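What TrEMBL says about this one:
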DOMAIN    27-142  domain 'Response regulatory'
MOD_RES   Asp78  4-aspartylphosphate
Amino acid sequence: MTDRCATAPADEARVREVPPSRTEPVRVALIDDHPVVLAGIESWYAASDRPIEVRGKGPDVSVATAGPGRAAEVVVFDLQLSSGSPAYSALRHLVAEERQVIVYTMQDSQEAALRCLDLGAVSYLTKAEGERHLVAATLAAADGVPYTPPALAGALGSDVTSGRPTLTPREIDVLLEWFQSESKVMVGESLGISVRTVNTYLERVRIKYANVGRPATTKANLVAKAIQDGLISLEEL
């Protein structure tokens, strides 16, 4: 099976960009209240082998919900905006609009990282993790591929969340195959079942997580929860 989930090693020098599965430009909106950070991210994107276009940038969520930024597939979001408090409500709003949100923040907090994933963010990076991780996470988000940078890997590895659902071996098989595949069609072909059956298994898993108070609304969120709960390991992805 091909490796479809990207996991970053702790040594940044060995990190490579996620190989692009598409060639068209990735459209991004940047939400950060520090102009120097915005300028830095733009320069990193300009150096990417795969084009990354910044469609909107600024200090509040409106740059991603109105104007050119509304066309962005990926939103890079600073959790700590001018209010000083984590902007979880803004994150909820972006996720509700079905945006691929990468939280990019100074806050190196395992609790914050896990909460952002629970709210539907596709990845969580600290600003100390730098250019290569952010570019790789952006490309992965555009392609619907989960990306796990070092800080997030540490948060997932240390989480002791209660309320873990009980999945059947077949549900786990389908879940892992889906994480490793580009599409549900590929999952069905690999396991010898129909796409409809694949969807049935995945819906059962989502229902089980919802029933224990931990809804998984995105593929990345489901990956994170499966790792947290020991259903799969980072090495399997």
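Count begins at 1; order follows the chain as displayed.
Glycine too: its Cβ is placed from the backbone N, Cα and C atoms.
Looking only at the domain 'Response regulatory' (27-142), the predicted model's pLDDT averages out at 90. In terms of DSSP secondary structure, the domain 'Response regulatory' (27-142) contains 56 helix, 28 strand, 32 coil.
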